[in-house]
Amino acid sequence: MAKSNSNLCAVLLISILIVAASAGSFYDDMDITFGGERAKILNGGQDLSLSLDQYSGSGFQSKHEYLFGRFDMQLKLVPGNSAGTVTTFYLSSQGAGHDEIDFEFLGNSTGNPYTIHTNVYSQGKGNKEQQFHLWFDPTAAFHTYTIVWNSLRIIFLIDNIPVRVFNNNDAAGVPFPKSQPMRVYASLWNADDWATQGGRVKTDWTNAPFTASYRKFNANANKVGPNSVSTSSENDNQSWSTQGLDAAGRNRIRWVQTKHMIYNYCNDRKRFPNGISAECKSSRFL
């Protein structure tokens, strides 16, 4: 019986070590890029907070670059009067012709909803904005925000509910991010010249510092660069590489876009008087 207990303890110890080794850590995955003490890694690397005051915001970026993958981050946004603030979670390459896939969270005055701003840049050109109001309070608890990026499409998800799909229409002359490796970025900064009601509502610095919280980052992705080993393997779940929307996903995105979308560049003929972009004419939810 003593030998059995000893074996059981050994198995449990090995299991604990495996879990500990596989758990993500902001110390291992991210570098603080600006803001100094305003960016804090907490709880042994499991949590990260960003703060904004009248002197500076703060931000971080991934240590590694990726070419396609699924990127999950849990966020709890700035509570109360967050007008003028922007919290972000996005992918980006560097340079004048950069690619970028954006989640931006535009603050608002107390009692008014956050605006979720999404955009896709390819070869330095964006102007692909869609915006949403959420069906929950993003400041009351953590929620999971996901970017799936493969050679076929980009999918934005919130708590695993798809809110937007940007398909690869490169064949129709629409540039698509497909060749430039990107890092993961996040930041909290002041944008009261445009963020809240077109800049009409300014940041109230008496509420500073403003703080947003991040946790449970996961990249199931192709890591690239010198001496890099992909975070995906033959034994990993790589369903993201061909991920699209099934029937349930199409129903959910229709619900989101019917009930919660507040801006779609495809419908903005005043902004684009010469005609909407080619991808707006194709099926949105393939």
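Yeah, the Cβs are placed from backbone N, Cα and C, and that goes for glycine too.
As annotated by TrEMBL, active site, nucleophile applies to Glu100. Residues or ranges marked as active site, proton donor by TrEMBL: Glu104. Taken from TrEMBL, the feature domain 'GH16' applies to 20-214. The N-linked glycosylation site feature in TrEMBL is assigned to Asn108. Look at TrEMBL and you will find 1-23 tagged as signal peptide.
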Worksheet item: Where the residue listed as 'N-linked glycosylation site' and Glu100 (active site, nucleophile) are concerned, what is their Cα separation in Å, rounded?
Response: 25
Worksheet, complete the sentence: In all the protein chains shown, the tally of other Cβ atoms within 10 Å of the Cβ of Asn108 (N-linked glycosylation site) is 20
Worksheet item: Around the residue listed as 'active site, proton donor', how many other C-beta atoms are within 10 angstroms of its C-beta?
Response: 19
Item to complete: Identify, in sequence order, the residues in the chain of Glu100 (active site, nucleophile) that are 6 or more apart from it along the sequence and have a CB within less than 8 Å of its CB; answer 'none' if there are none.
Response: Tyr90, Leu91, Ser92, Ser93, Asn119, Val120, Tyr121, Gly126, Pro177, Met182
